[in-house]
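Per TrEMBL, these features apply:
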type: BINDING; residues: G27, L28, T29, G30, S31, G32, K33, T34, G73, N130, H131, Q132, D133; note: GTP binding site
type: BINDING; residues: T34, T51; note: Mg(2+) binding site
Amino acid sequence: MDYLCFRALCCKGPPPPRPEYDLVCIGLTGSGKTSLLSQLCSESPENIVSTTGFSIKAVPFQNAILNVKELGGADNIRKYWSRYYQGSQGVIFVLDSASSEDDLETARNELHSALQHPQLCTLPFLILANHQDKPAARSVQEIKKYFELEPLARGKRWILKPCSLDDMEAVKDSFSLLINLLEERDFEPSRM
């Protein structure tokens with residue numbers, strides 16, 4: 001009997017590999033994309049600089065690894081976003097819920113074009129309403145209404161969640177919901 005117990009302990013082999021998903025992370029400059037991803041990777045917050053081109057981070061979770069391609073959100077970079085969409089399996093869209101009306105309108109237009117883009121329109125979206133800790137932050141309900149998510153994204157798989165760097169547990173929970181959507185996609189029978 002002891003031999004069987006020992007064999008079960010030592011001969012199991014490595015744990016099964018975690019699935020990896022390739023995601024694209026977009027949003028305007030200052031929305032907090034880099035800060036959120038750096039925190040998820042347990043990197044020091046002191047050295048965070050706005051992304052000018054793009055950066056790739058492997059964000060480890062217990063049940064998956066997310067390879068996140070973060071694209072800079074400046075005016076002159078946004079027009080090239082679509083060049084980086086190919087191969088993506090999901091989208092993270094970060095918006096500053098405390099931004100000016102003009103920036104919110106720009107974010108809305110960018111989200112609408114991403115939701116309708118041929119390479120992204122069938123993918124799950126995680127939309128993070130960041131900076132909820134700021135006094136001027138709009139609620140998730142206000143953002144859902146302003147961004148017209150119900151009519152625009154009907155039939156699509158999307159999650160809209162409030163977040164801030166103060167509550168990384170909530171951010172991790174939001175990413176877990178996205179991983180669930182990605183896993184569901186893996187098990188869907190392929191349509192002809």
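Yeah, the Cβs are placed from backbone N, Cα and C, and that goes for glycine too.
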- Note on the structure: Densest Cβ environment (other Cβ within 10 Å) across the binding-site residues K33, H131 belongs to K33
- Task: Only counting partners 6 or more residues apart, tell me which same-chain residues put their Cβ under 8 Å from the Cβ of T51 (Mg(2+) binding site).
- Result: K33, T34, E70, L71, G72, G73
- Task: Ten-angstrom check, please: count other Cβ atoms within 10 Å of the Cβ of G27 (GTP binding site), all chains counted.
- Result: 27
- Considering the binding-site residues T29, S31, which residue's Cβ sits among the greatest number of other Cβ atoms within 10 Å? S31
- Close in space but at least six residues away in sequence, with Cβ under 8 Å from that of D133 (GTP binding site), the same-chain residues are S164, L165, D166, D167
- Item | Cβ packing number for G73 (GTP binding site), 10 Å threshold | 26
